[in-house]
């Protein structure tokens, strides 16, 4: 009885179509906003007040499979998109032309752009981080195709998040085995990054997101990381010391009062640091809304500042973006495709303003957001979205993340039957 | 055939475990998800569990004595046992992926500790995937020696990723190793003390030793 139930569960997990969460990225000066849903990349130019038309030699659709990572460079000149189609596309944000296409051997799970805009790094599903030299790409000259070189590697572990430290000295990679590796980013990265500065060890589940708190007292920034163990932790990256832990899921009231939490149900999906007030926005699976954490840089602690919920919508954000120029937090929820129902890829964008320690955050209505209805139409695909799809989408994203990042538990009962195909077992028979 | 007596896994005469009950396949998949316990960080590694006489209680991790030798893929523990008496003041550990073989080494160390009071207290073994979890066990520049005896060459291209020595893993080994070079009494032991080395000697084969030097980080050469 137990055996067939366990078997059925393993079977149904495998049958689930891999869905990808919707992603959002905001230009540092808020001149444009990009949303990626499945293979679709949608960009809205806020200065022009219209959708940006992307130009690429290969023509639309630019990506043949789900996009897994999008990012603007910190200087705002470059934009990178990469995903399951094993390509990394580098775009110039002024002309929205694809200046470079890099092909990867494996599916890409994370991207990062160096602070000086000269290198683009991406991580694949096997744990290798690659680097591409893109110096000179902002001169609107198409670089054609570039070959990536391996930079560093986590052994056989998906890297969901890649970040550069604010001073550009370090590159951080977080993996599925709960490790965060801080490596010195060399002057000639094409020869590989071999000097490990430290390991930030402390999470008990996969580390899903990394972000830096910028502080004047600490030029290299304090690292904040979110993980599948439902905690957000604060680190000093040069020594790897864990400074503080915040149990966000518990504090946001997601766990049952008797302490029994749904296993693996409350992973932190995304983190975003806001410049002013040192507030960190945290998105958690199953939480409809956001948790705002405040970071005390001198005391080196994290504490829950507010829990923000979106009135009237079952909005579980899948990705967050912050624009320092305007001080607005952008959120998106959505999924590439829902397996059971025949919903098209869905995405919904919301904006929160007044992210400050003193003020109350305000969730902007559809007409109040920069870009207004036109932006929503471009980024969402339509101005209004069917709300009943939200919860199904959130569940699909949760299951997909669990299958990807949580280690499989094989039931002990049918161990012998699983070994049937092994060569030495076959000969024994 | 009816069994009239329980097969003793520990030999009655020497008190040591009998290898035939702990035989396992040579390969265990290092790429698979493993569910054995891994310390969250090096400070969480319980020294009192492995070296009970030196660290009687688990709160006595004062940080003064740390593991300095690590045998990666220790197999049946031959090298560790010889090193233990040669360096009685040094803490050492063996890391092995196969659980049966780790059990054998554990039993062997326990029996040796009983038979030789005061000796073999500085050696232990842990079942772990050293390719994934070395940073979880050792802090930066903690180890003075690491042993990789008879690593599987994995000649086929598709298996290159399973090699214990690879450019990427070397970064991690360099991180846990202290930068030191000295002439060593250990070198002789490499071919004579290990089971694999003894097997090669029995069959009249040759063993080769390779020496590598750490590349000094570029910002330190001036």
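Placement of Cβ uses the backbone N, Cα and C atoms for every residue, glycine included.
No curator has checked TrEMBL annotations; they are predicted automatically.
Database features (TrEMBL):
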type	residues	note
BINDING	B:73, B:96, B:97, B:129, B:130, B:149, B:194, B:195, B:196	S-adenosyl-L-methionine binding site
ACT_SITE	B:152	active site
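When the alpha carbons of residue B:130 (S-adenosyl-L-methionine binding site) and residue B:152 (active site) are compared, the span between them is 14 angstrom. Each of the binding-site residues B:97, B:130 was scored by the other Cβ atoms within 10 Å of its Cβ; the lowest score goes to B:97.
Taking a C-beta cut-off of under 8 Å and a sequence gap of six or more, the residue listed as 'active site' has these contacts in its own chain: B:27, B:162, B:163, B:164. DSSP classifies residue B:130 (S-adenosyl-L-methionine binding site) as helix under the three-state reduction. Within 10 Å of the C-beta atom of residue B:73 (S-adenosyl-L-methionine binding site) sit 21 other C-beta atoms, taking all shown protein chains into account.
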